[in-house]
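Q: According to Swiss-Prot, the protein carries these features:
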ACT_SITE  62  active site, proton acceptor
ACT_SITE  128  active site, for ring-opening step
ACT_SITE  130  active site, proton acceptor
ACT_SITE  135  active site, for ring-opening step
């Protein structure tokens, strides 16, 4: 696991863009994408770049249950606003949070990932160590699944909604096994509130109690983090 320490999100976004360009030059065709505040500057860098995604496919990590793509809090809306609206892809895949049969939708999404192996995956990390919506206790072998969101995740995401009560309680998420199939993974983390999770992920033991720690078992992981996020690392 390679750790790159940056001054701020702007520098992190630029380094992320360089890594993405390198991967595309090496033949990457499918990008795994994440949402939330962490990758926004990275997406800004992409939008202002000369990259062309019209022959590429994107696969997003997750989506809230109950929100359709026109809802401003849905992850499809987020992706359209920050990336897809400016940089069209050949195809964009996100879980369908309005599916009538959520378990069938999860299986369908596994099939999409099988047909579109992810070459380059961007990740954030939650304060509790979640990646995607894989909360503490999630089995390592799980693929796409329906998740009951933990209170800490609901509280962390409440800032994007009018009130905490409006935050969906469920999501569909790629599983840890799905994420681990990605050829290359770049995880971004900013701020001191991520420091405990980063320490556990990089230096702790691999445990389901800190889902991101499974990334220690992946051959190609790069962490882009600011000084605050790496402040608890011993080396």
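Positions of Cβ are set from backbone N, Cα and C atoms, glycine also.
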Q: Quick one: give me the count of other CB atoms within 10 A of the CB of residue 62 (active site, proton acceptor).
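A: Residue 62 (active site, proton acceptor): 22 neighbouring Cβ atoms within 10 Å.
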Q: According to DSSP, folded down to helix, strand and coil, what is residue 62 (active site, proton acceptor)?
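A: For residue 62 (active site, proton acceptor) - judged by DSSP and reduced to three states - the answer is strand.
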Q: Across all chains shown, how many C-beta atoms besides its own are within 10 angstroms of the C-beta of residue 135 (active site, for ring-opening step)?
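A: A count of 21.
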Q: If we count other C-beta atoms within 10 Å, could you say which of the active-site residues 128, 130 has the fewest?
A: 128
Q: Roughly how many Å separate the Cα of residue 130 (active site, proton acceptor) from that of residue 62 (active site, proton acceptor), to the nearest whole number?
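A: Cα-Cα, rounded: 12 Å.
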